[in-house]
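According to TrEMBL, the features are:
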- 40-333: domain 'Sugar phosphate transporter' (DOMAIN)
- 38-62: transmembrane segment (TRANSMEM)
- 74-96: transmembrane segment (TRANSMEM)
- 116-134: transmembrane segment (TRANSMEM)
- 141-162: transmembrane segment (TRANSMEM)
- 168-185: transmembrane segment (TRANSMEM)
- 197-215: transmembrane segment (TRANSMEM)
- 235-252: transmembrane segment (TRANSMEM)
- 264-284: transmembrane segment (TRANSMEM)
Amino acid sequence: MNRAPLKRSRILHMALTGASDPSAEAEASGEKPFLLRALQIAVVVSLYWVTSISMVFLNKYLLDSPSLQLDTPIFVTFYQCLVTTLLCKGLSALATCCPGAVDFPSLRLDLRVARSVLPLSVVFIGMITFNNLCLKYVGVAFYNVGRSLTTVFNVLLSYLLLKQTTSFYALLTCGIIIGGFWLGVDQEGAEGTLSWLGTLFGVLASLCVSLNAIYTKKVLPAVDGSIWRLTFYNNANACILFLPLLLLLGELQALRDFAQLGSAHFWGMMTLGGLFGFAIGYVTGLQIKFTSPLTHNVSGTAKACAQTVLAVLYYEDTKSFLWWTSNMMVLGGSSAYTWVRGWEMKKTPEEPSPKEGEKSAMGV
């Protein structure tokens, strides 16, 4: 029996709540041989790892390469949003012209919807801009530690905005993450490689990631629950809002003076960065679809570990035992939080359900 396609709104809901997909479980127990399912999962997880890690290293090159010497982080972020917007519009047109060839929603720019999405777009701009600014000022090896407070902000904002409490064990894992973050900052300082500005941008990026996840749920109804429509409007709004920033920060003048402005290699790398930015949203949803939200989080933590090791090897860094300990604390705390939340979600159906009016909004 054919499986009904999984809507991206359902994928986001599963990612935010930690719930599993019943249809995926049904398919797992269906006719597909174990080896075929294992191969599919391995391919999807590998695709996620390659896309995510490649995007980080490519962005580091664009933002802070001595050979490129381009000091326009806002323009790099703007161009990636522009590429994503054009790709969304192009795939929408292709889906309209060739029904069945591409599964993509129809897109047209509705100013009323754009205004509804605008508050989320401001948070989205903060998220991607602070991410890139953090990556510009810190090394790839420290990048994960610098942005490691997302889970902590998830817990804090869930309480402040959604009035949702967190269990003692989940708070304990957050304590481990905070300890790892401070130890990492201390060790970067001891090695003389600490950038306080980059660390501040990492903390702000973590805050915006948490806010983005929470407010995405509130805005989704405005785009009929479609993640791709939301992606289109977020990036289209971002392209417009970035323009005054480019003027105010003088990046357009810096771009005019850039020696490699006419280089095909430069624009090829810029466009590839935009393609990776678009692709990461797709492969993330794909990984959740073929595994589960819990497995996706575990995969993301393992990917972060591999990315750190690759960065240390590639840049030929020498790190102390305590530096590695800080990374293990952050990754271990994140994994433990994922496990605790998954365990708590499994317990929830067994407990008496509260009345509909008494249910608290689901946190991230």
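Placed from the backbone N, Cα and C atoms, the Cβ positions cover glycine too.
Note on the transmembrane segment (197-215): residues 16, 119-120, 123-124, 126-127, 130-131, 133-134, 136-138, 143, 146-150, 152-154, 156-158, 161-162, 185, 188, 363-364 of its chain, located 6 or more positions outside it, place their CB under 8 angstroms from a CB of the stretch. The stretch from 74-96, 116-134, 141-162, 235-252, 264-284 that makes the most Cβ contacts under 8 Å with the transmembrane segment (38-62) is 264-284. Counting same-chain residues at least six beyond the ends of the transmembrane segment (141-162), those with a Cβ under 8 angstroms from any Cβ of the stretch are 56, 131, 134-135, 170-171, 173-174, 177-178, 180-181, 184-185, 188, 193, 198-199, 201-203, 205-207, 209-211, 213-214, 304, 307-308, 311-312, 315, 317, 319, 326-327, 330-331, 333-334, 337, 360-364.
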